[in-house]
Structure formats: structure tokens, C-alpha cells
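A.B. asks: Here it is, the structure, as C-alpha cells.
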């Protein structure tokens, strides 16, 4: 359980109130002021006290000095004489400016924490309309759950994550995750997840996150390092987390040596180190002058590619050029992708999203010899297995026909198959060049 005292320690504001105090990053993400430095800086910074924040932050990552322009949110560092820069998300800039904070709260009956939890409850209820409101309220206020909230000062909740830790089993279940609809373009979601990962690792022995994601959230969780491949043994989590119909179980394995709030800087440093290594075995970094043959546009003559400086050294061959000219995917791929996405998002699609579980339906594969589901179709599409639209339609028909073959006419599954097939047929008919494929 997180106490009010612990929460306050995790969000000390002292380092941001003095404009010239250099911040020292600690492992638990608490910012501490060095006494000697603070006293010196106070004397030197009297003419800047009205700025309300320091301008630059310097830290060392991987042996390189990284300088952050806090006001503009631009990170710079030099590696092997090359300057690298990247721009922080607006949410990071706002946090550095003291406009927002990330606070961990639970139901400890303190007035302020209860206000934050109520704000989170309201956002979850609005952003997750398919969830019963009473169910959301019960879990948010449940004392076995913790929440990390994004708070715009002084006390406006703009989003957050509610999770349940299972410390002895070394994983936590993310129950709800949402950002207010008016705040979803500022990078709060990614920054919030990074804060949560660092907080959980530094305050517990949790190494994994599990969550059930609906079709609209899968993309977000993939970007945050989650995968549909569950490596945790079922005996660890089965029966402990909530199972949602139509949801996709996803897992995130946290890396022990990474500070996720610095992930952007670390990746940039890795890129710089990789470029240095490439320069030792390749000449791809050398910039060569343009070809003289193209200076006179009225007298352009054919040229042997092998005589172009650097091209042969790069490993180019005529066969590679022919391969590059060949289209990687057919013109039907975009249409298939759109139809498949709409199928997956349809209200009647939930029984067909994943393969039928043999443990739950032991005799299914005795009757169905050519099983198919929407996730398998997605994998085939990503692997470029659909050479023509007819192949995709064939698999879709398998999904519907298999369902009707195994289930009786009066079952809900049979009716779901009919509904989804009708929707599928209409979508294909909307595309003129493929409408003739539907009877």
C-alpha cells in the first residue's frame, strides 16, 4: 500500500521551485537538491528568480554528457564529433515546467487522494463506455489496487492507469488505462506508461505487466512494449487477473537496466554508438560529390552503375536493383487491411478474434479440419500470404462456415457468424473491382 508520505516523496517539488538549482536524478526518480550547489545557485540567480524554472539540465548517460533545454524540450549531446538532437514530447516539457505531475494514489481515505481517484473514475467511465460504471468505480476505489494519475496543477486529473500488483508473483495487472479525450495528442499516454514502469520497478519486485486490451488499445500497448506473445507461465497468472470477453491478453517484460523515462535519450546514444561501429567496417558515411555526367541535361549519356564511386563498395548488384523495382505487395493489400480491421472492430467479431481454445472446446478440431480466425488472417496478411483477394475471401468464408458447422442454428455463435458475414459481404461490395467476387 502506498502511503501519503511515500507519494509526497515521489513528487518533491523543491527542485523545480528554484530556477538555478541543478537537478540530480536518483534511481527512484526523486529529484534531490544538493545543499552546497543550492546555496551557490541562489546567490548567483537572484536576477532570474521570476523565471519560475531553470533553463538547462545536464546529466551523463552512457558516458556522454546530455544537455536538455527544459523550456524548449530539446535534448542535445555530442558523440564522436557528431551532434545528435531530439525533441521531447509536450507532456515531458509540461512536467519539467511544473505544469503537470504524475502521482501514485490509492484509497487511503485522505481527502486529496480520494479527489484524484474520483477524477480517474470519471475519465475511465467516459473513455470506456462499454464497461459498467459501477464495476469501474469498485475497482478504482478497491484498496488492493493502485493508480498513477496525470495531474494538471493544482488538482485536475487528465488521465491515468489503475493496476493491481501481485508482488509475490512478480507481475501486475493493468486494469484501466485512459487519457481524457481532450488531452490525447500531447504524449501523455506514453509518458504515463514510462513513469509507471520506473515507479513499479523501483518500489517492488514486479517484472511484468499483463493486461486485456480491446482492439482500439492494442496499437497503443504495442508501442509501449507489450506483445500478444505471453511468456509467463499460466500457473503464475491464471485465475488472478480479470478475463474480458473480446479482449486480447498482452504482456510487457520490463528490462532491469533501463530507466524508461530516459529511453529516448538511451536509444539516441545507441544509434550514435551503432553508427560509429558501422564506420569501422563500411564507407557508407562518406559523402561523395555528384556525378559529372548529369551536369549537362541536354547531353545525358548512359553510365555503368559499377563505375559510380561507392556503389560497388556498398554491395550493390544489378539483381538487387531488379528486386527493388518489384512491388512488395499487391494493390489488393490495402483493401484487405481495411476490411480486416473493420471486421476485428465489429461488435459480432469477438468469438472469431483468436483460434478456438482446444482446452475449452476439446472436440472442436475433431469436426473442423481447416480452422481459421481473424488473428491468423492478420498474421497471414502481415506475412504477405494473400497473393490475391480471392485468398482472403476464402479464409473469411472459413471463419463463418466453420462456426455454423460446429454450432447449432439457435446458438448466439451461429447468429454472430451470420451478422459478421453480412457485414463482410457489404464491405467487399463497396470496392468496385472486387464486388463481383461476392455472390
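From the backbone N, Cα and C atoms, a Cβ is placed for every residue, glycine too.
As listed in Swiss-Prot for this protein:
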ACT_SITE  173  active site, proton donor/acceptor
BINDING   177, 178, 179, 184, 185, 186, 187, 188, 189, 190, 216, 217, 218, 219  acetyl-CoA binding site
COMPBIAS  1-28  compositional bias 'Basic and acidic residues'
COMPBIAS  39-59  compositional bias 'Basic and acidic residues'
DOMAIN    100-255  domain 'N-acetyltransferase'
REGION    1-59  region 'Disordered'
SITE      173  site 'Important for catalytic activity'
A.B. asks: Please find which two of 177, 178, 179, 184, 185, 186, 187, 188, 189, 190, 216, 217, 218, 219 have the most distant C-alpha atoms, given that the record lists them as binding acetyl-CoA, and give only that distance in angstrom, rounded to a whole number.
C.D. replies: 19
A.B. asks: Which residues in the same chain, at least 6 apart in sequence, have a Cβ under 8 Å from the Cβ of residue 216 (acetyl-CoA binding site)?
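C.D. replies: Same-chain residues close to residue 216 (acetyl-CoA binding site) (Cβ under 8 Å, separated by 6 or more) are 345.
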A.B. asks: To which of the binding-site residues 187, 189 does the lowest count of other Cβ atoms within 10 Å belong?
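C.D. replies: Fewest other Cβ atoms within 10 Å, among the binding-site residues 187, 189, is found for 187.
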A.B. asks: Within 10 Å of each Cβ, count the other Cβ atoms, then let me know which of the binding-site residues 177, 179, 185 comes out lowest.
C.D. replies: 185
A.B. asks: How many other Cβ atoms are found within 10 Å of the Cβ atom of residue 173 (active site, proton donor/acceptor), counting all protein chains shown?
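C.D. replies: Around the Cβ of residue 173 (active site, proton donor/acceptor), 19 other Cβ atoms lie within 10 Å.
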A.B. asks: Using a Cβ-Cβ cut-off under 8 angstroms and a sequence gap of six or more, which residues of the chain neighbour residue 218 (acetyl-CoA binding site)?
C.D. replies: 228, 248, 250
